[in-house]
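Here it is, the structure, as structure tokens.
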Amino acid sequence: MSGIYTNDFSSNRKEGLRSECNTLGTDSQLFSLTHSKVCWGIAITGILDENKVCLPVRLTVTEWDEPCVASRMAARDMIGQVTVQDLTAGIRYILLRYSSYVDVPISGNETAFLTSNYTSKHDFTAHDHTYIYKDPIAINSNGSTYYRSNTSSRLQKTYSTSLTSNNQIYYRDCKKQNFYYESIQVQVIESGYYTFRGSGTIDAYGSIYENKFNLLNPSENLLKTDDDSGFDTQFKLDIHLDVDTIYVMVVTTYESKESGEFSIVVLGKNKVVLERLSTPVNIQFKYSSQLNDDSPTYYRDCQVPQCHYETSQIHVNTTGLYILWSENNINAYGYIYKNDFNPLKPSDNLLLSHDGPKQSGCVIGDQCNFHIKGIGLTLDDILRDELQSNTVLNNQSFSIKFSAGLTIAMFVAGLINSILSFITFQHKDSQQVGCGMYLLTSSITSLLAISMFLIKFWFVVLTHNNVSTSLSVLRGGCASIEPILKLFLYLDGWLNACVAIERAVLLFKGVNFNKKKSKFIAKRTILILPFCIFGTLIHEFVFRRLFVYETGLNKIDTNKTNEDTNNRYVSCITHYSPSIQDYNTSVLFFHLVGPFIVNLFSALFIIFGGAQQRSTARTNQNFKEHVKEQFREHKQLIISPIVLLILSIPRLIISLLPGCVKTSDNLWLYLGPYFISFTSSMLIFLIFVFPSELYMKAFKQAFNRIRRRTPP
């Protein structure tokens with residue numbers, strides 16, 4: 001359609017000049033638009049589809065040069081090709097052709113189009129998202145032609161009702177509760193595709209189920225669901241239904257407890273039978289109570305102390321799905337436990353929780369300690385579930401007694417190792433280059449690390465056994481022992497890495513190696529390195545704190561929960577924010593992986609880099625022979641980084657394990673690598689001194705000197 005306008009389209013439309021193409025013939029009056037003070041224009045207007053039931057249609061014709069009517073040229077016939085889009089395979093559609101815009105419906109559903117005054121109709125079944133139709137009826141260049149396409153389904157049923165507070169309620173999903181709903185049984189007498197459209201004053205949410213609808217498990221038997229594919233944010237369901245099969249349509253709302261009127265329009269091939277169903281929730285039990293100042297208290301998590309709680313025991317006669325919900329004037333938290341509930345360890349036996357804190361990290365040890373996978377585990381985390389309070393060591397579990405014996409043995413071995421190493425590297429012949437200074441410092445830090453390991457183990461064991469330990473002692477040990485232990489352990493690892501780096505540099509430079517510069521760098525590194533490591537661990541001093549929970553035995557017994565003879569529950573915890581947790585994980589990986597990578601590449605460089613240098617100078621041997629010769633000549637340089645590399649692999653693997661593993665179920669999986677990580681601190685003499693002729697010579701001289709000074 002076209003219209004003539006002056007200046008403003010909306011206010012100056014010239015109705016006398018409005019026309020359709022088929023009314024503008026050779027006898028039509030032509031107007032001279034030559035007024036110099038008026039702007040003239042032509043606007044093309046379309047036809048509305050208020051209910052949005054039509055599909056996108058595109059028309060192309062064989063000719064685009066229209067005969068000039070003003071020159072009295074004869075009109076021509078053209079062949080049109082129609083492209084229909086946004087189709088669903090398997091569904092039948094119609095393509096309607098009109099000769100006048102007056103006959104094209106601008107509102108209504110598919111039935112309005114089927115009963116309209118169209119000139120021709122083409123039925124087709126979609127096999128893809130697009131359908132192309134070549135219209136056999138010519139299109140006259142001097143005429144008007146319109147196409148509309150939608151489903152060929154005829155109106156088979158209209159169902160109208162409303163959702164009110166008298167309707168049944170159900171949980172549509174785990175996050176949203178208390179939805180009013182209505183269930184309708186659906187049966188068809190002919191198999192085929194059917195369309196269900198919602199309308200009304202509510203934002204309806206439609207679902208179709210096969211055979212039955214289980215409101216206790218809304219995902220069971222679900223075929224299709226939709227919220228706002230239809231007009232005006234209403235649902236639209238296109239689905240293939242089979243004869244002799246019962247379907248259930250459930251209509252609810254997008255928002256919880258919304259009420260109002262709604263209608264369902266069903267389009268399809270044949271008759272559809274709709275019957276309202278009644279599927280009430282059978283309320284088996286109602287329980288009323290209150291929480292007051294006399295109710296027992298516990299720590300819901302490590303951040304919220306003294307939460308009042310009440311426990312109720314549940315027995316069911318029939319296995320199945322059950323819904324428990326609360327109606328109250330407080331922000332209630334609900335938890336379901338299997339067998340029993342221990343207020344000292346609220347994460348034990350927990351099956352389900354609602355409205356509680358949502359933690360994205362893994363819980364290892366207890367709910368107060370959060371770690372990503374296995375990295376960052378402390379001895380407290382690993383042994384917490386194994387230790388029995390107020391129990392002497394002799395009556396503890398085998399794992400505790402074995403760990404105690406192994407800890408003492410490791411300390412003795414580490415003490416001997418440090419003494420022998422110190423005797424060796426304090427000799428001036430061992431300090432000709434920076435390596436000797438690194439190893440002298442390492443002999444001291446290794447003793448400090450293994451000593452702190454011994455202190456850490458017995459502090460954990462004894463404080464768990466003796467619940468009357470002073471809180472000030474517990475707070476001091478909690479805040480300081482673990483960070484200091486990590487400081488010495490990481491320092492020892494990085495000193496060994498410095499040794500590996502200097503040996504690789506020594507091999508690379510050969511005779512050009514500067515011993516004085518090496519010693520200067522070693523002194524500066526030994527001075528700066530502890531402060532750098534301490535700086536990466538300072539957050540642990542801030543975020544490590546003591547968790548103390550005082551219990552009243554009579555309150556616990558009142559609700560017949562787990563009996564426990566302890567009046568106080570104490571645990572050393574770290575609770576990081578997400579950003580600090582990410583930083584902590586990065587730091588731990590850095591100190592674990594850093595020395596590992598340094599030792600790996602230094603060992604590879606010493607072997608293969610040295611072999612490459614030899615092969616360049618000596619061409620009479622192949623590369624493989626040079627590698628073997630390099631290994632024989634420098635085995636004392638190669639053994640130490642390889643051994644340190646092997647010792648760090650177990651803990652590295654544990655740190656990279658996917659997912660969460662409970663330590664109590666995999667005790668030795670975590671305890672083994674934890675102990676292995678300290679073995680490097682007690683093997684310095686065997687790793688660095690024993691394979692080296694220079695260091696062994698220095699050790700023997702120093703040892704003989706001590707023997708001569710010692711009186712018989």
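Any Cβ shown, glycine's included, is placed from N, Cα and C.
So TrEMBL has the following annotated:
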TRANSMEM  402-425  transmembrane segment
TRANSMEM  437-461  transmembrane segment
TRANSMEM  493-513  transmembrane segment
TRANSMEM  525-543  transmembrane segment
TRANSMEM  588-608  transmembrane segment
TRANSMEM  637-657  transmembrane segment
TRANSMEM  669-690  transmembrane segment
Sequence-remote contacts (6 or more beyond its ends) of the transmembrane segment (437-461), Cβ cut-off under 8 Å?
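Residues packing against the transmembrane segment (437-461) from afar: 379-380, 383, 387, 393, 396, 400, 403-404, 407-408, 410-411, 414-415, 417-418, 421-422, 424-426, 430-431, 477, 481-482, 484-485, 488-489, 491-492, 495-496, 498-499, 502, 519, 522-523, 525-526, 678, 680-682, 684, 688.
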Taking contact to mean 3 or more CB pairs closer than 8 A (sequence separation of 6 or more), are the transmembrane segment (588-608) and the transmembrane segment (493-513) in contact?
yes
Sequence-remote contacts (6 or more beyond its ends) of the transmembrane segment (493-513), Cβ cut-off under 8 Å?
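Residues 433-435, 438-439, 441-442, 445, 522, 525-526, 529, 533, 591, 594-595, 598-599, 601-603, 605-606, 609-610, 634, 637, 640-641, 644, 648, 680, 688.
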What residues elsewhere in the chain lie close to the transmembrane segment (669-690), defined as a C-beta under 8 angstroms and at least 6 residues from its ends?
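Those are 374, 377, 379, 382-383, 399, 403, 406, 410, 413-414, 417-418, 420-421, 424, 439, 442-443, 445-447, 449-450, 453, 489, 492-493, 496, 499, 639-640, 643-644, 647-648, 650-651, 653-654, 661, 663, 696, 699, in sequence order.
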